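Contents: one structure, followed by commentary.
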Amino acid sequence: MRILGIDPGTARMGYGIVEDAGAGRERAVEYGCLETPPDMRPELRLQALYRGLADLMARHRPDALAVEELFFGRNVTTAIHVGQARGVVLLAAADSGVPVREFTPMQVKMAVTGYGRANKAQVQRMVQALLGLPEIPKPDDAADALAVALAGLHSERLTARLGGLS
């Protein structure tokens, strides 16, 4: 089972690919960020992100894509940009035939740390520990994407144990 986790954004989109390593363990396959320059026209930024995502899915052939649900904070402009990036993620997944699983930030924290109100540092340390990484993944967007991917992997495992119920 291989899951592509995404932390959406238009300037920097974090991605993390994890897979089941057997015996209840997980392994990081690849992680990083797709970045677009701030002076690039918005439609070209979204196109660049789409192409980067399509390339990741073609190379790694994930069984599912996991993405955080949109969190609407105080900054409406940021929420709009994140919403646009999420749209690109959903389109790229649909074009690649990859099913999408969405998680709230609390669900991601619960899946990774066992505590839905864990702080960012606690989540990052658990991502490092669960994946056996020598250091906390950087930048933060990549660590967040790995956490989302782990939530997706844990959810897929549970669904498989329950006989495919979703």
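Just so you know, glycine gets a Cβ as well, placed from its N, Cα and C.
These come from Swiss-Prot:
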- ASP7: active site (ACT_SITE)
- GLU68: active site (ACT_SITE)
- ASP141: active site (ACT_SITE)
- ASP7, ASP141: Mg(2+) 1 binding site (BINDING)
- GLU68: Mg(2+) 2 binding site (BINDING)
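Location within the structure of each feature annotated in Swiss-Prot.
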| residue | record | Cβ neighbours (10 Å) |
| --- | --- | --- |
| ASP7 | active site | 27 |
| GLU68 | active site | 22 |
| ASP141 | active site | 24 |
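Rounded to the nearest whole angstrom, the C-alpha distance between ASP141 (active site) and ASP7 (active site) is 6.
Across the structure, ASP7 (active site) and GLU68 (active site) are spaced 7 Å apart at their Cα atoms. Mapped onto three states, the DSSP output places ASP7 (active site) in strand.
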